[in-house]
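This report concerns only the one structure given below.
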Amino acid sequence: MDDSDSPTYASLAPANPTMVNDLASVDLPSLSNIPDVNSNGHLPSAVQSPLSGQDVSSPQTPASLDMKSDGYSDMDKSTMIAVIQFLKRGNLKSTEEILRKECGFFEPVDVTDTSGALGEEGEVLAAYKSDGNPAEYQDAFKALSAFVEKSLDAYKYEVAAVLYPVLIHMYLELIYNGHRGEAVELLQNCSSSIEAHHADDLRSISLVTSRAQMAGQPLLNTLLSAQYTCRMSRDSLAHLKRFLADRSAGPVPRIIQDRLNIDLVDGQPRTKAQVLAVQGAITGEAPRSANKTKIFYGLLKEPELQTVINEEEEAEDDLDKPKKKKSKKDALQKNKKNDPNAPPANRIPLPELRDQDKQERARIYRDSMKRVTLSRDALPSICFYSFVNASNTVDISDDSSILAFGSAESILSVHSITPAKLKAMKPAEQLSDIDKDSEDVLVRMLDDRSGETQRNLMGHSGPVTAVSVSPDKALLASSGQDGTVRIWSLQTWTCVVVLRGHIYPVWSVRFSPHGYYLVTGGHDRTARLWTTDQHLPLRIFAGHYSDVDVVEFHPNSNYVASGSSDRSVRLWDCSNGACVRIFTGHKGTVSAVNFSPCGRYLASGSCDARILVWDLGGHGNALAALSSHSDTIHTLAFSREGTILASGSMDCTVKIWDFAKVTEEGRDEDVNATTSPLEDKSLLLSTFPTKQTPVLSLHFTRRNVLLASGPFNG
């Protein structure tokens, strides 16, 4: 390939994402120091760190920082007070004395005064300060609730969306101003008018009973850092304004003005089903402005494989082969057509295909010609792998030959699930006889380990939370509660690199379908994009308001989907680190996401036991809502041609859904902001229960056999 046409990883411009939720800003290394893609797309023998050779000077105090006579700036002083308050609450007197002596800070600190010690957070909390009559709050909310109840059905359900955030902020205002009794009474008497899916949040907020407890409460921090978004039509907003105009002096108009973001929608007001379909996220609905970016959801053009296929066919003596050549060629030409919705080939750098990669693509193509086409009348066969007290997470390689799982005992186990043995590097004395210039030198260096079909790997210092096998089966990525991501070589069976960037447990890790890239998500509320030859992240995807519990690559590797405990799904652009879609509608933690093989649709499963299907070609609207499970949905898998969707749950069942009908209905209807998601019980084709085994992983083989796995709870 000509160098002028081959993009390098320097073409990925450094991203500067806005850090939220009190996360510290992160300086990414300049991507101009990142090495170009190697032809093999894997760990090179030696990688120069992008930070090596740099003269890192000590940080200097900005000239604009106002220093006080005691040597402390306002920022330094507030930080010192916050630390001393923490030590006082923990009764760590000796530590406090040592800190005061070393820093020369002897001012008295009031442990009950949190507003001055919390810096920016204290300033935000101070906005709750009010001299209003606490008895008016309950009357004001009941008046608002009565107004909503008496409204016409055309306006009622959109206007009712303001009840929950108004009640929460009323409660917090009363707590901040020391009116605990009135606050508790308000929540007890008025929470019945709030939708049931907010019950967990109300219980969490009810635990805050003093001003000191307001600092550091996760849900409260989220409510303070972002406005609650309510989407309304112009008619519904005008109806609400008439009520607010009559009570301009009360707390309700002030809270709606300061704490809510009213997102106007053109057209008729929405029905109850349409409003409930998009509610559930901690910060309300997704603003329309967040879902307007064009998405390149198409697949990349397949490489030239006809020569490879012809060479392999000539080596086989099969009389039936000539009869199928014409149909195969036609199918191959069809696969090579450019997708108008596909991203440009050089939008993000991808590794060049090696000869063995092309041979693997040829095997994928041959398997696709022998694949069973699934439908309502042809359901998949299922093979289930049960683990006895061993499995936290499971992953199966793309060719369905290797199964890897991680356990709470920090052990990774890799198994061959075919008759072939696991491979490993040959001894050193045998490597010297190999021609290093041969094209298949890597293949020659590997050897079957006689009689060995299983290997254990150890390195994490805590439970293993996720595993992912690379597309070429050369690498295995694992994440753990120790906050690290480890990449293991499945040739030398050793850990080749430890990725440290997350500061809390890492919950999910996935390799890109094209290899080289991997993405992680963790408790620090970020997802991060890595490469196999860099120890620092290329992108930090920041925007979620709680843990990032699950991540997944788009089939074209240009996008990453993340599901979070903030009950939203986000789509991130790998080329610039921007969030290009926000999907809301789940009423619980998002625990599973997966893309359809065509790349246009995204399915997400949640702790609310529902599956939502999103159309990436639209503007963040749910295409269908699939409800039948009774517990958390842990895994989703599409059949290879995309006509069947399989879901696995903690209710110990595997369910098969008619995804072809979902897409047909979506094409027949004009899906927009006022369209309700499709809910049809006939979409469920079959249910396959296990005895006592929750389903952790689902995987369709290249010939559409469904492989399922989970831990036996006997």
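Positions of Cβ are set from backbone N, Cα and C atoms, glycine also.
Per TrEMBL, the features are as follows:
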{"type": "COMPBIAS", "residues": "30-63", "note": "compositional bias 'Polar residues'"}
{"type": "COMPBIAS", "residues": "329-339", "note": "compositional bias 'Basic and acidic residues'"}
{"type": "DOMAIN", "residues": "132-257", "note": "domain 'TFIID subunit TAF5 NTD2'"}
{"type": "REGION", "residues": "29-70", "note": "region 'Disordered'"}
{"type": "REGION", "residues": "311-359", "note": "region 'Disordered'"}
{"type": "REPEAT", "residues": "457-498", "note": "repeat 'WD'"}
{"type": "REPEAT", "residues": "499-530", "note": "repeat 'WD'"}
{"type": "REPEAT", "residues": "541-582", "note": "repeat 'WD'"}
{"type": "REPEAT", "residues": "583-616", "note": "repeat 'WD'"}
{"type": "REPEAT", "residues": "626-658", "note": "repeat 'WD'"}
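No contact links the repeat 'WD' (541-582) to the repeat 'WD' (626-658), because fewer than 3 Cβ pairs that are 6 or more residues apart lie under 8 A. Through the fold, the repeat 'WD' (626-658) approaches residues 368, 371, 373-376, 379-380, 382, 588-589, 591-598, 603-607, 609-613, 679, 681-700, 702-704, 706, 708, 710 of its own chain, all at least 6 residues removed from its boundaries and within a Cβ separation under 8 Å.
Residues 42-43, 356-357, 360, 392-399, 401-402, 404-414, 422-425, 445-446, 504-515, 518, 520, 522, 530, 532, 535 of the same chain, all 6+ positions outside the repeat 'WD' (457-498), place their C-beta atoms under 8 angstroms from a C-beta of that stretch.
Note on the repeat 'WD' (583-616): residues 197, 277-281, 284-286, 295, 297-299, 341, 547, 549-556, 561-565, 567-571, 622-627, 629-642, 645, 647, 649, 651, 657, 659, 662-663, 666, 671, 677 of its chain, located 6 or more positions outside it, place their CB under 8 angstroms from a CB of the stretch. Across the domain 'TFIID subunit TAF5 NTD2' (132-257), the model assigns an average pLDDT of 90. Helix, strand and coil counts from DSSP across the repeat 'WD' (583-616) read 0 helix, 20 strand, 14 coil. In terms of DSSP secondary structure, the repeat 'WD' (457-498) contains 0 helix, 25 strand, 17 coil.
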